[in-house]
Amino acid sequence: MWRFTFYLCIFCYGIKFLWSSPWFWDIRQCWHSYPYQPLTSGLYYYYIMELAFYWSLMFSQFIDIKRKDFLIMFVHHLATIGLITFSYINNMVRVGTLIMCLHDASDFLLEAAKLANYAKYQRLCDTLFVIFSAVFVVTRLGIYPFWILNTTFFESWEIIGPYPSWWLFNGLLLILQFLHVFWSYLIVRIAFKALIRGKVSKDDRSDVESSSEEEDMATNMKSPCGSSSSNGANRVNGHMGSSYWAEE
């Protein structure tokens, strides 16, 4: 709920801010008069809120449930914090706001799908996850490389020419793109299973979603019968039980 609230609020703030910004409609404006571009208060607060949030994710990752993609998420948080800090120091904040808003466009949908899953509203969860999958693929594999990377690689070179930090900035952006491809594969696979089975499957990154599920599964293993739903399938916190996945 905390992440859903933040992502939704910061995305709405980003859209409201960018709607009146000239570089939102003409991305080449990101490089006009660079580096002598004014830093408005709205842009400053946008950056500070995003940077603070990703620092919180960096620290909370070490006390959160450990997942198989722990290292990948760690690299993602490092690259994101590095990009936000680096673009702020070098006054590349215009293109930075576009990148942040683009990434926030799908994140709140994923958190909403998780909430629906924990509340056991399976149809709502499936619908939200499929919508999230579509938005994620369009923004991360379509708009990001063909709009953002195009302007940072080619239009910036054309308008302001090569500069020493150009290589580092675009290198960090490429790291994000590689992560987008990896996550898109996992998301599309889960969405495809949801369409086939009519149910979003378990998170591929971990065996259980939380420590409370571990306790539930331990209890079911000790019981000779275990709890079951009306259709006879063992469930743990909205997910199919271990016996189901063993058969799969």
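Positions of Cβ are set from backbone N, Cα and C atoms, glycine also.
Now, the feature entries from TrEMBL:
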DOMAIN    1-196  domain 'TLC'
TRANSMEM  44-63  transmembrane segment
TRANSMEM  70-89  transmembrane segment
TRANSMEM  128-147  transmembrane segment
TRANSMEM  167-192  transmembrane segment
REGION    206-248  region 'Disordered'
COMPBIAS  220-234  compositional bias 'Polar residues'
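Nonlocal intrachain contacts for the transmembrane segment (128-147), taken as residues 6+ away from its ends with a CB within less than 8 angstroms of a stretch CB, comprise 27, 98-99, 102-103, 105-106, 109-110, 112-113, 116, 176-177, 180-181, 183-184, 187-188, 190-191, 194-195, 200. For the transmembrane segment (44-63), same-chain residues at least 6 beyond its ends with a Cβ under 8 Å from one of its own Cβ atoms are 6, 10, 13-14, 17, 70, 73-74, 77-78, 80-81, 84-85, 88, 93, 96-97, 100.
For the transmembrane segment (70-89), the residues of the chain that approach it from at least six positions outside its boundaries are 47, 50-51, 54-55, 57-58, 61, 95-96, 99-100, 165, 168-169, 172-173, 175-176, 179, 182, judged by C-beta separation under 8 angstroms.
Taken together, the residues of the domain 'TLC' (1-196) have an average pLDDT of 91.
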